[in-house]
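Q: Below are the features I grabbed from TrEMBL:
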- 17-353: domain 'Kinesin motor' (DOMAIN)
- Gly112, Gln113, Thr114, Gly115, Ser116, Gly117, Lys118, Thr119: ATP binding site (BINDING)
Amino acid sequence: EEQRRFLHNEIQELKGNIRVFCRVRPVLQSEKEKYNNENLTQHIVYPKDNDKEITLVQQTESAMGSASSKSYPFSFDKVFDGSSKQGEIFTEIAQLVQSALDGYNVCIFAYGQTGSGKTYTMEGGEDKETMGMIPRAVQQIFIASEDFKKKGWIYDIDCQFLEIYNETIRDLLENDETQKHEIKHLSHGRTIVTDAKIVKVKTSDEVHKLLQIASKNRSVGATLCNERSSRSHSIFTLHLQGHNELTDEKYESSLNLIDLAGSERLAVSGATGDRLKETRAINKSLSCLSDVIAALGNNEPHIPYRNSKLTFLLQNSLGGNSKTLMFVNISPLFANLQETLCSLRFATKVNSCQIGTAKKILR
């Protein structure tokens, strides 16, 4: 078991403690009908026999009528086209979920413009084929923890589901908007949010019921980009405490699965009033997340975690004691080309960072 943990972590270190996957969502039937079944994805090129690169091609026409094209190549740890299935994608992150059981903090983000498929990637549908990364990760955690009992491991698993809306923390398991919550970092590396509900869970079904409650309580609002745009960051966390009764080893870790709010430029979103305030708060916090990852990658002496509630909450799950993966979800439509370029450039900035070697959280 000791050797398995060592070799598993060696493999994860070689892959990098921060990885970025790109996922292109499929064209919806309503979009096909709207555009009369035109080839809506001809601007997206996938290099042959290469699942790590994607190129966007922009066709332009000058005032004199001459046509030209400009290519924007991008490279990530993995690129999934519109035909990719949920199970195929989870296979790529399953080993990071295993790392959480082995005592490492793990963060998995879904980033992208509104309507690019982030929530579908993370939460998915109701059936086994379409269920998302969160229910699949939960399922794996419980299956693996049962298997580890044979090796002397006993796990206590707690579930928490929070939302950050306009730089205010809300508890998605308790629909009480009057309750104030504060973030506190404890000396042994655990983070708590005051008065937030934490539920001890023993089965996947218990977690599924909590996910349904949280989904109903999440903030949504209308913008020009998406009629029911998610206007908040949702952070689902499993707190894991492992104790081996044979060796007396103890580990404590957290698995964070984060559905980030939709990123969009103000000029495109058409946001006004409350929506304008929301969009500014979203864009600021996403910028802060990028700044934190860049500062970690540059080994800067000061990491600006406190610049946003999102990064301050995840302070102990970012950096050298963690493993991080970001899905950049993009729309396949040419109409969204500029937003897609913004998303891919943000993801490229994240992907260029090296955040050091992860450490186990010992108790």
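Cβ coordinates are placed from backbone N, Cα and C, and glycine is handled just like the others.
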Q: Measure the Cβ-based neighbour count of Gly115 (ATP binding site), defined as the other Cβ atoms within 10 Å of its Cβ.
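A: Within a 10 Å radius of the Cβ of Gly115 (ATP binding site) lie 23 other Cβ atoms.
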Q: Radius 10 Å, atoms counted are CB only; among the binding-site residues Gln113, Thr114, Ser116, Thr119, which position scores highest?
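A: Comparing the binding-site residues Gln113, Thr114, Ser116, Thr119, the most crowded Cβ belongs to Ser116.
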Q: How many other Cβ atoms are found within 10 Å of the Cβ atom of Lys118 (ATP binding site), counting all protein chains shown?
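A: So the Cβ neighbour count for Lys118 (ATP binding site) comes to 28.
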Q: When neighbour density is defined as the number of other C-beta atoms within 10 angstroms of a residue's C-beta, which of the binding-site residues Gly112, Gly117 has the lowest density?
A: Gly117
